[in-house]
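Participant: Under the heading region 'Disordered', TrEMBL lists 1-44. The transmembrane segment annotation in TrEMBL covers 50-70, 108-127, 139-159, 194-215, 244-265, 277-296, 302-332, 344-363, 383-406.
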Amino acid sequence: MAGPENEPFLSQADDPDDGPVPGTPGLPGPMGNPKSADPEVPDPEKLQRITGVSAAHSALIVAVLCYINLLNYMDRFTVAGVLPDIEQFFAIGDSSSGLIQTDQRSRMLSVFYFAIPVGSGLGYIAGSKVKDVAGDWHWALRVTPGLGVVAVLLLFLVVREPPRGAVERHSDSPPLSPTSWRADLRALARNPSFILSSLGFTAVAFVTGSLALWAPAFLLRSRVVLGETPPCLPGDSCSSSDSLIFGLITCLTGVLGVGLGVEISRRLRHSNPRADPLVCAAGLLGSAPFLFLSVACARGSIVATYVFIFIGETLLSMNWAIVADILLYVVIPTRRSTAEAFQIVLAHLLGDAGSPYLIGLMSDRLRRNWPPSFLSEFRALQFSLMLCAFVGALGGAAFLGTAIFIEGDRRRAQLHVQGLLHEAGPEDDRIVVPQRGRSTRVPVSSVLI
């Protein structure tokens with residue numbers, strides 16, 4: 001019988017429970033056997049030698065990038081904070097309001113996701129309070145541009161990019177050689193964990209984008225129907241109390257949800273290597289009924305609506321940082337920028353870029369079937385927002401699918417980074433299998449694993 005050093009690669013362990021790769025160091029923690037110790041982290045001096053960036057400078061870079069991402073979401077939802085005034089000023093309907101979107105200016109990775117709910121909440125607060133102080137909603141849109149100029153200057157002066165994949169290799173050896181963009185896309189398309197987690201993330205973006213733009217307007221219409229506030233008529237200043245309250249809820253639930261998701265995943269990861277996608281699935285599937293109840297109960301009790309929104313947004317926010325972490329360990333370093341770009345484009349294209357318009361379009365179409373009234377405006381938007389709960393359930397199913405493939409994809413990425421896995425190109429779709437002392441080239445499909 002051939003020794004371990006002569007065994008074909010396909011006979012080696014594919015599951016973390018099978019143990020480390022023969023003839024190589026064990027792959028601890030989530031990258032290999034989950035029962036082994038956590039991965040060794042280089043000391044600060046070694047990290048500085050590998051990356052060329054000191055610990056203090058690294059912390060400053062993270063702070064600058066988080067500040068940029070916070071502004072990215074703050075200026076987007078400043079518009080949502082004064083949406084009723086904008087609709088009155090331009091005399092536009094719900095479908096046109098759904099097109100009032102700004103674009104993302106910087107990529108988000110891991111810790112950046114804390115800035116999404118916080119920046120969104122600050123956008124609501126800034127939009128509503130600046131309008132009240134200045135007496136003109138136009139001033140609400142003039143807050144973040146100046147802060148954005150500061151962010152750009154900090155980006156150029158502070159941020160340095162370390163060699164990609166240097167930390168994962170734990171050595172001073174040259175980083176992985178980049179491959180062509182076409183090869184990167186082909187590899188990503190064959191990575192089911194990346195594809196399914198991106199679809200789940202798109203569902204999160206769809207729900208958050210819809211709620212972010214329409215929740216304050218929906219809550220205002222609910223108060224009008226309940227008789228708690230006067231309607232927003234042309235020429236009048238619309239009530240901004242719901243934007244302020246919703247902004248505070250978004251900030252609080254964002255911090256709580258992101259921290260809760262990361263901590264639960266961290267604790268479960270030692271006993272269950274599929275913890276990350278399962279926590280994401282639980283967050284989305286758990287948020288769906290609460291978001292549905294928040295919309296359904298709005299005509300009966302505004303307090304109950306806020307309670308259900310709080311619970312639903314907390315569960316929904318559990319996904320942000322974990323999705324970024326999944327991408328980082330199922331995609332090799334040289335392909336992460338392409339993977340991040342693809343994921344962000346997909347999330348915006350099918351998620352928060354189009355969902356506000358789709359919700360507004362559905363609201364306008366439904367309203368045409370009813371007599372003009374404040375109640376019909378409320379009901380049309382209410383039925384339209386119920387779509388978010390069903391999209392959230394679909395996203396949860398995508399994360400459940402991710403859990404099926406996550407272990408194998410994570411292990412392959414780690415083996416690739418360690419130089420233990422050769423990725424065959426399209427022109428070489430064969431492997432070498434020792435057979436009676438000789439090497440025989442056979443198709444992969446003919447090998448029984």
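Note that Cβ sites are derived from N, Cα and C of the backbone, with glycine treated the same way.
Source: prediction; values computed, not measured.
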Participant: Among 194-215, 277-296, 302-332, 344-363, 383-406, which stretch has the highest count of C-beta pairs below 8 Å with the transmembrane segment (244-265)?
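Facilitator: Answer, by Cβ pair count: 302-332.
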Participant: What residues in the same chain, six or more past the boundaries of the transmembrane segment (277-296), come closer than 8 Å to it by Cβ-Cβ distance?
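Facilitator: Result: 193, 197, 200, 203-204, 207, 211, 218, 257, 261, 264-265, 268, 304-306, 308-309, 311-319, 322-323, 326, 382, 385-386, 388-390, 392-393, 395-397, 399-400, 402-403, 406.
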Participant: Checking distant contacts: for the transmembrane segment (302-332), what same-chain residues at least six beyond its ends satisfy Cβ-Cβ under 8 A?
Facilitator: 30-31, 108-114, 116-117, 165, 176, 188, 191, 193-194, 197, 200-201, 204, 207-208, 211, 215, 219, 222-223, 226, 228, 245-246, 249-250, 252-254, 256-258, 260-262, 264-265, 276-277, 279-280, 282-284, 286-288, 290-291, 293-295, 339-340, 343, 392, 399, 402, 406, 409-410, 413-414, 416-417
